[in-house]
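Copied from Swiss-Prot, the annotated features are:
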type     : residues                            : note
ACT_SITE : His42                               : active site, proton acceptor
ACT_SITE : Glu69                               : active site, proton acceptor
ACT_SITE : His189                              : active site, proton donor
BINDING  : Asn6, Arg17, Gly190, Gly211, His212 : 3-amino-2-oxopropyl phosphate binding site
BINDING  : Asp8, His9, Arg44, His49, Thr99     : 1-deoxy-D-xylulose 5-phosphate binding site
SITE     : Glu150                              : site 'Transition state stabilizer'
Amino acid sequence: MRLAVNIDHIATLRNARNEHNPDPVEAALLAEKSGAVGIVCHLREDRRHIRDHDLAALRKAVTTKLDLEMAMTDEMGAIAVATMPELITLVPEKREELTTEGGFAIERHFNRLVDFLEPIKGAGIEISLFIEAEQRAIDLAEKAGADLVELHTGAYALKTGEEQAIELKKIRQAAVYAKSLGLRVVAGHGLNYENIAPFRDIEEIEEVSIGHALIARAAFVGIPAAVREMLDIIN
């Protein structure tokens, strides 16, 4: 299983003082050198952490894979085509939320989604949709032309015991189904050093995206050690 590192909260820390450090690009390079196969950043409409100049700098610096998380807006579509990340991941976005709270409402926005994705796919950028682990959402993702889906693991992360086991089963079944349709499968949201291990046994999930937990750990041990510790668990 591969690891992609979300570096948004390096920018959160920097923005707390409106200064230049810590630098998200430096964090991204350290993560890459330590074994991450991709760097994830979410350019939110309110620019609360990653900002436009960060995205431009990351595009120049990242040599593995840059995954731009973004809302389905005309502004973000234009930014994606101008920036040319290897991958974009469409996520729902609410200004009042602390973090992404659920999967993209693909059925509600399907017609708009197909039109929105056309120029991005035409530019050669891969498409991922952040969705709930549900068959209907997977069917629509495939129909819309997604290359891969990121299964939302937030409910799993919030539960314990038997309830968590039920959520894990849903994720496993969704991963198997998505793979059967020819979609690549990744997972993310709320995953950490304590709850990630069971995902090693879901061979259909090729990659996990981890941000907050890893950056929090890095505050104590540094980014290289935090990345290596996570890789030791997932592999």
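Note: Cβ is positioned from N, Cα and C throughout, glycine not excepted.
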Task: Densest Cβ neighbourhood among Asp8, Glu69, Glu150 (recorded positions), 10 Å radius - done: Glu150
Task: Integer Cα-Cα distance in angstrom, Asn6 (3-amino-2-oxopropyl phosphate binding site) to Arg44 (1-deoxy-D-xylulose 5-phosphate binding site) - done: 14
Task: Per DSSP, three-state class assigned to Glu69 (active site, proton acceptor) - done: strand
Open item on the list: The record lists Asn6, Arg17, Gly190, Gly211, His212 as binding 3-amino-2-oxopropyl phosphate. What's the largest Cα to Cα distance among them, in Å, rounded to a whole number?
Closed with: 26
- [ ] By CA-CA distance, flag whichever of Arg44, His49, Glu69 among the recorded positions is nearest to His189 (active site, proton donor).
- [x] Glu69
- [ ] Determine the most Cβ-crowded residue among the recorded positions Arg17, His42, Arg44, His212, using a 10 Å radius around each Cβ and all protein chains in the structure.
- [x] His42
Task: Cα within 10 Å of His49 (1-deoxy-D-xylulose 5-phosphate binding site) - qualifying recorded positions among His42, Gly211, His212 - done: His42
Open item on the list: If you measure from the CA of Arg44 (1-deoxy-D-xylulose 5-phosphate binding site) out to 10 Å, which recorded positions from the list Arg17, Glu150, Gly190, Gly211, His212 are inside that radius?
Closed with: none
Task: Neighbourhood of Gly190 (3-amino-2-oxopropyl phosphate binding site), C-beta criterion under 8 angstroms, separation at least six - done: Thr153, Gly154, Tyr156, Ala157, Leu158
Task: His42 (active site, proton acceptor) to Glu69 (active site, proton acceptor) - Cα separation in whole Å - done: 4
Task: Asp8 (1-deoxy-D-xylulose 5-phosphate binding site) versus recorded positions Arg17, Glu150, His212 - nearest by Cα - done: His212
- [ ] Give me the Cα-Cα distance between His9 (1-deoxy-D-xylulose 5-phosphate binding site) and Arg17 (3-amino-2-oxopropyl phosphate binding site), rounded to a whole Å.
- [x] 13
